[in-house]
Amino acid sequence: MLREYKLVVVGGGGVGKSALTIQLIQSHFVDEYDPTIEDSYRKQCTIDDQQVLLDVLDTAGQEEYSAMREQYMRTGEGFLLVYSINSLNSFQELNSFYDQILRVKDSDNVPVLVVGNKCDLEMERQVSYEDGLALANSFNCPFLETSAKQRINVEEAFYGLVRNINQYNAKIAEAEKQQQQQQQQQNANQQGQDQYGQQKDNQQSQFNNQINNNNNTSAVNGGVSSDGIIDQNGNGGVSSGQANLPNQSQSQSQRQQQQQQQEPQQQSENQFSGQKQSSSKSKNGCCVIV
(Lines of atoms letter the chains of each structure in order from A and count residues from 1; the text may use other names and numbers.)
(Lines give C-alpha, C1' and ligand atoms only; values in the text may rest on other atoms or scores of the structure.)
Protein backbone atom coordinates (compact mmCIF):
# COMPACT_ATOMS: atom_id res chain seq x y z
CA MET A 1 0.00 0.00 0.00
CA LEU A 2 1.31 3.42 -0.97
CA ARG A 3 2.34 5.88 1.69
CA GLU A 4 -0.02 8.86 1.45
CA TYR A 5 1.06 12.40 2.29
CA LYS A 6 -1.50 15.10 3.03
CA LEU A 7 -0.06 18.41 1.80
CA VAL A 8 -1.77 21.77 2.28
CA VAL A 9 -0.96 24.81 0.13
CA VAL A 10 -1.38 28.04 2.11
CA GLY A 11 -0.88 31.68 1.14
CA GLY A 12 -2.57 34.95 0.23
CA GLY A 13 -4.91 35.40 -2.69
CA GLY A 14 -3.40 35.54 -6.18
CA VAL A 15 0.08 34.24 -5.27
CA GLY A 16 -0.27 31.22 -7.58
CA LYS A 17 -1.20 28.39 -5.19
CA SER A 18 -3.61 26.78 -7.66
CA ALA A 19 -1.20 27.31 -10.55
CA LEU A 20 1.56 25.47 -8.69
CA THR A 21 -0.76 22.60 -7.73
CA ILE A 22 -2.20 22.15 -11.23
CA GLN A 23 1.27 22.32 -12.77
CA LEU A 24 2.35 19.49 -10.46
CA ILE A 25 -0.74 17.33 -11.01
CA GLN A 26 -1.68 18.05 -14.64
CA SER A 27 1.58 19.48 -15.98
CA HIS A 28 0.07 22.61 -17.47
CA PHE A 29 -0.15 26.25 -16.49
CA VAL A 30 -3.43 27.97 -15.65
CA ASP A 31 -3.10 31.59 -16.70
CA GLU A 32 -6.41 33.03 -15.52
CA TYR A 33 -7.03 33.72 -11.85
CA ASP A 34 -10.04 31.96 -10.36
CA PRO A 35 -10.27 32.37 -6.56
CA THR A 36 -10.27 28.95 -4.93
CA ILE A 37 -12.43 27.94 -2.01
CA GLU A 38 -11.03 24.45 -1.77
CA ASP A 39 -9.69 21.98 -4.31
CA SER A 40 -8.15 18.59 -3.63
CA TYR A 41 -5.77 16.80 -5.97
CA ARG A 42 -4.10 13.41 -5.86
CA LYS A 43 -1.02 12.21 -7.65
CA GLN A 44 1.11 9.09 -7.51
CA CYS A 45 4.81 9.76 -7.90
CA THR A 46 8.27 8.46 -7.00
CA ILE A 47 10.28 10.28 -4.32
CA ASP A 48 13.69 8.95 -3.29
CA ASP A 49 12.97 5.59 -4.98
CA GLN A 50 9.67 5.20 -3.13
CA GLN A 51 6.23 5.15 -4.68
CA VAL A 52 4.03 7.60 -2.77
CA LEU A 53 0.63 9.19 -3.12
CA LEU A 54 0.34 12.95 -2.74
CA ASP A 55 -2.99 14.32 -1.52
CA VAL A 56 -2.71 18.07 -2.17
CA LEU A 57 -5.26 20.49 -0.74
CA ASP A 58 -5.39 23.92 -2.38
CA THR A 59 -6.92 26.36 0.09
CA ALA A 60 -8.50 29.79 -0.20
CA GLY A 61 -6.27 32.71 0.59
CA GLN A 62 -9.01 35.17 1.41
CA GLU A 63 -9.45 36.13 5.06
CA GLU A 64 -13.17 35.29 5.02
CA TYR A 65 -12.27 31.62 4.61
CA SER A 66 -9.97 31.55 7.64
CA ALA A 67 -12.23 29.28 9.73
CA MET A 68 -12.58 26.82 6.85
CA ARG A 69 -8.83 26.90 6.32
CA GLU A 70 -8.24 25.85 9.92
CA GLN A 71 -10.23 22.66 9.32
CA TYR A 72 -7.91 21.79 6.45
CA MET A 73 -4.87 22.57 8.54
CA ARG A 74 -5.88 20.02 11.19
CA THR A 75 -5.62 17.17 8.68
CA GLY A 76 -2.44 18.31 6.95
CA GLU A 77 0.95 16.70 7.53
CA GLY A 78 2.98 19.39 5.78
CA PHE A 79 2.40 22.91 4.48
CA LEU A 80 3.62 24.96 1.52
CA LEU A 81 3.70 28.62 2.56
CA VAL A 82 3.47 30.50 -0.74
CA TYR A 83 4.01 34.18 -1.48
CA SER A 84 4.63 36.04 -4.72
CA ILE A 85 7.99 37.74 -5.22
CA ASN A 86 6.20 40.70 -6.83
CA SER A 87 3.93 41.24 -3.79
CA LEU A 88 5.47 42.45 -0.54
CA ASN A 89 2.08 42.21 1.16
CA SER A 90 1.78 38.48 0.37
CA PHE A 91 5.26 37.98 1.83
CA GLN A 92 4.33 39.75 5.04
CA GLU A 93 1.15 37.67 5.39
CA LEU A 94 3.14 34.45 5.77
CA ASN A 95 3.86 35.16 9.44
CA SER A 96 0.16 35.13 10.30
CA PHE A 97 -0.39 31.95 8.24
CA TYR A 98 2.50 30.24 10.00
CA ASP A 99 1.23 31.27 13.44
CA GLN A 100 -2.20 29.95 12.52
CA ILE A 101 -0.72 26.58 11.56
CA LEU A 102 1.17 26.28 14.85
CA ARG A 103 -1.93 27.21 16.81
CA VAL A 104 -4.18 24.74 14.98
CA LYS A 105 -1.61 21.91 15.19
CA ASP A 106 -0.85 22.84 18.81
CA SER A 107 2.86 22.50 18.17
CA ASP A 108 5.91 24.70 17.79
CA ASN A 109 7.46 22.47 15.13
CA VAL A 110 5.49 21.58 11.99
CA PRO A 111 6.85 20.47 8.57
CA VAL A 112 6.64 23.52 6.29
CA LEU A 113 8.43 24.84 3.21
CA VAL A 114 8.48 28.50 2.15
CA VAL A 115 7.91 29.13 -1.57
CA GLY A 116 8.57 32.42 -3.37
CA ASN A 117 6.46 31.97 -6.52
CA LYS A 118 6.52 33.87 -9.84
CA CYS A 119 10.30 34.06 -9.95
CA ASP A 120 9.90 34.53 -13.72
CA LEU A 121 8.70 38.09 -12.98
CA GLU A 122 12.15 39.28 -12.03
CA MET A 123 11.54 42.79 -13.26
CA GLU A 124 8.58 43.13 -10.88
CA ARG A 125 10.35 41.70 -7.83
CA GLN A 126 9.49 43.31 -4.49
CA VAL A 127 10.91 40.59 -2.21
CA SER A 128 14.56 39.64 -2.50
CA TYR A 129 15.78 36.07 -2.43
CA GLU A 130 17.69 36.86 0.76
CA ASP A 131 14.53 38.08 2.50
CA GLY A 132 12.69 34.92 1.54
CA LEU A 133 15.57 32.77 2.80
CA ALA A 134 15.74 34.71 6.07
CA LEU A 135 12.02 34.17 6.65
CA ALA A 136 12.39 30.44 6.01
CA ASN A 137 15.30 30.30 8.44
CA SER A 138 13.16 31.96 11.09
CA PHE A 139 10.61 29.17 10.52
CA ASN A 140 13.47 26.61 10.58
CA CYS A 141 12.40 25.21 7.21
CA PRO A 142 13.66 24.97 3.58
CA PHE A 143 13.14 27.71 0.98
CA LEU A 144 12.66 27.71 -2.80
CA GLU A 145 11.75 30.22 -5.45
CA THR A 146 9.43 28.77 -8.10
CA SER A 147 7.64 29.58 -11.32
CA ALA A 148 4.40 27.77 -12.08
CA LYS A 149 4.39 29.35 -15.54
CA GLN A 150 7.85 28.08 -16.49
CA ARG A 151 7.64 24.95 -14.26
CA ILE A 152 10.69 25.98 -12.25
CA ASN A 153 11.21 24.06 -8.97
CA VAL A 154 7.54 22.96 -8.90
CA GLU A 155 8.21 19.29 -8.21
CA GLU A 156 11.16 20.22 -6.01
CA ALA A 157 8.86 22.26 -3.77
CA PHE A 158 6.31 19.48 -3.21
CA TYR A 159 8.92 16.73 -3.05
CA GLY A 160 11.02 18.80 -0.67
CA LEU A 161 8.02 19.13 1.62
CA VAL A 162 7.58 15.34 1.60
CA ARG A 163 11.23 14.92 2.58
CA ASN A 164 10.74 17.46 5.32
CA ILE A 165 7.79 15.43 6.63
CA ASN A 166 9.92 12.27 6.61
CA GLN A 167 12.70 14.01 8.54
CA TYR A 168 10.18 15.35 11.03
CA ASN A 169 8.64 11.91 11.55
CA ALA A 170 12.10 10.36 11.93
CA LYS A 171 12.96 12.86 14.67
CA ILE A 172 9.67 12.13 16.43
CA ALA A 173 10.32 8.39 16.21
CA GLU A 174 13.87 8.82 17.53
CA ALA A 175 12.65 10.97 20.41
CA GLU A 176 9.99 8.38 21.28
CA LYS A 177 12.61 5.62 21.09
CA GLN A 178 14.93 7.48 23.44
CA GLN A 179 12.06 8.17 25.79
CA GLN A 180 11.12 4.48 25.73
CA GLN A 181 14.73 3.48 26.42
CA GLN A 182 14.91 5.93 29.31
CA GLN A 183 11.68 4.53 30.69
CA GLN A 184 13.02 0.98 30.37
CA GLN A 185 16.23 2.05 32.12
CA GLN A 186 14.24 3.67 34.91
CA ASN A 187 12.14 0.52 35.25
CA ALA A 188 15.30 -1.61 35.35
CA ASN A 189 16.84 0.64 38.00
CA GLN A 190 13.65 0.51 40.04
CA GLN A 191 13.53 -3.27 39.72
CA GLY A 192 17.15 -3.49 40.86
CA GLN A 193 16.38 -1.30 43.86
CA ASP A 194 13.37 -3.44 44.70
CA GLN A 195 15.46 -6.62 44.49
CA TYR A 196 18.17 -5.06 46.66
CA GLY A 197 15.56 -4.02 49.20
CA GLN A 198 14.08 -7.52 49.16
CA GLN A 199 17.52 -9.05 49.74
CA LYS A 200 18.11 -6.73 52.68
CA ASP A 201 14.72 -7.66 54.11
CA ASN A 202 15.51 -11.37 53.70
CA GLN A 203 18.91 -10.96 55.36
CA GLN A 204 17.35 -9.04 58.24
CA SER A 205 14.68 -11.71 58.60
CA GLN A 206 17.31 -14.48 58.65
CA PHE A 207 19.30 -12.55 61.24
CA ASN A 208 16.23 -12.09 63.44
CA ASN A 209 15.38 -15.80 63.13
CA GLN A 210 18.92 -16.73 64.13
CA ILE A 211 18.72 -14.47 67.19
CA ASN A 212 15.40 -16.03 68.19
CA ASN A 213 16.80 -19.56 67.74
CA ASN A 214 19.81 -18.73 69.92
CA ASN A 215 17.55 -17.35 72.64
CA ASN A 216 15.36 -20.46 72.53
CA THR A 217 18.42 -22.74 72.73
CA SER A 218 19.75 -20.86 75.76
CA ALA A 219 16.38 -21.13 77.47
CA VAL A 220 16.13 -24.90 76.84
CA ASN A 221 19.62 -25.51 78.23
CA GLY A 222 18.82 -23.50 81.36
CA GLY A 223 17.57 -24.92 84.75
CA VAL A 224 14.10 -26.22 85.46
CA SER A 225 12.28 -25.41 88.66
CA SER A 226 10.48 -27.91 90.85
CA ASP A 227 7.31 -27.14 88.90
CA GLY A 228 8.98 -27.92 85.55
CA ILE A 229 9.26 -24.22 84.57
CA ILE A 230 12.35 -23.09 82.69
CA ASP A 231 14.63 -20.95 84.80
CA GLN A 232 14.33 -17.39 83.52
CA ASN A 233 17.92 -16.68 84.48
CA GLY A 234 19.14 -18.99 81.71
CA ASN A 235 22.32 -19.71 83.63
CA GLY A 236 22.28 -23.46 83.14
CA GLY A 237 21.44 -24.10 86.86
CA VAL A 238 18.24 -25.32 88.51
CA SER A 239 16.03 -23.39 90.84
CA SER A 240 16.54 -23.25 94.59
CA GLY A 241 14.09 -26.12 95.11
CA GLN A 242 16.58 -28.68 93.77
CA ALA A 243 19.79 -26.75 93.37
CA ASN A 244 21.26 -28.15 96.64
CA LEU A 245 20.35 -31.84 96.11
CA PRO A 246 23.64 -32.89 94.47
CA ASN A 247 25.63 -30.87 97.03
CA GLN A 248 23.83 -32.55 99.94
CA SER A 249 24.48 -36.03 98.55
CA GLN A 250 28.12 -35.18 98.00
CA SER A 251 28.53 -33.88 101.59
CA GLN A 252 26.98 -37.03 103.10
CA SER A 253 29.37 -39.25 101.14
CA GLN A 254 32.34 -37.22 102.25
CA ARG A 255 31.27 -37.46 105.92
CA GLN A 256 30.98 -41.26 105.66
CA GLN A 257 34.48 -41.48 104.21
CA GLN A 258 35.86 -39.24 106.96
CA GLN A 259 34.09 -41.31 109.61
CA GLN A 260 35.57 -44.53 108.21
CA GLN A 261 39.02 -42.98 108.28
CA GLN A 262 38.54 -41.79 111.87
CA GLU A 263 37.41 -45.22 113.24
CA PRO A 264 40.88 -46.93 113.08
CA GLN A 265 42.45 -43.83 114.55
CA GLN A 266 39.91 -43.84 117.37
CA GLN A 267 40.54 -47.53 118.04
CA SER A 268 44.28 -46.89 118.17
CA GLU A 269 43.79 -44.05 120.59
CA ASN A 270 41.52 -46.19 122.77
CA GLN A 271 44.14 -48.98 122.90
CA PHE A 272 46.82 -46.50 123.78
CA SER A 273 44.66 -45.09 126.54
CA GLY A 274 44.01 -48.59 127.95
CA GLN A 275 47.67 -49.39 128.04
CA LYS A 276 48.34 -46.20 129.97
CA GLN A 277 45.70 -47.04 132.54
CA SER A 278 47.04 -50.60 132.94
CA SER A 279 50.54 -49.37 133.48
CA SER A 280 49.36 -46.89 136.03
CA LYS A 281 47.47 -49.47 138.00
CA SER A 282 50.44 -51.82 137.94
CA LYS A 283 52.54 -49.12 139.48
CA ASN A 284 50.00 -48.77 142.27
CA GLY A 285 50.21 -52.47 143.07
CA CYS A 286 47.03 -53.39 141.38
CA CYS A 287 46.63 -55.96 138.82
CA VAL A 288 43.83 -55.67 136.31
CA ILE A 289 42.96 -58.55 134.10
CA VAL A 290 41.74 -57.44 130.73
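Numbering starts at 1 and runs along the chain as it is shown here.
A Cβ is built for glycine as well, from the same backbone N, Cα and C atoms used for every other residue.
Listed features, source Swiss-Prot:
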type: BINDING; residues: 11-18, 58-62, 117-120; note: GTP binding site
type: MOTIF; residues: 33-41; note: motif 'Effector region'
type: REGION; residues: 176-290; note: region 'Disordered'
type: COMPBIAS; residues: 178-216; note: compositional bias 'Low complexity'
type: COMPBIAS; residues: 246-283; note: compositional bias 'Low complexity'
type: LIPID; residues: C286; note: S-palmitoyl cysteine
type: MOD_RES; residues: C287; note: cysteine methyl ester
type: LIPID; residues: C287; note: S-farnesyl cysteine
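The most densely surrounded of the binding-site residues G11, G14 is G11 (count of other Cβ atoms within 10 A of its Cβ). Averaged over the motif 'Effector region' (33-41), the predicted model has a pLDDT of 67. In the three-state DSSP scheme, G11 (GTP binding site) is classed as strand. Each residue in the compositional bias 'Low complexity' (178-216) gets a DSSP state, and the totals come to 39 helix, 0 strand, 0 coil. Here the Cβ of T59 (GTP binding site) has 25 other Cβ atoms within 10 Å, regardless of which shown protein chain they belong to.
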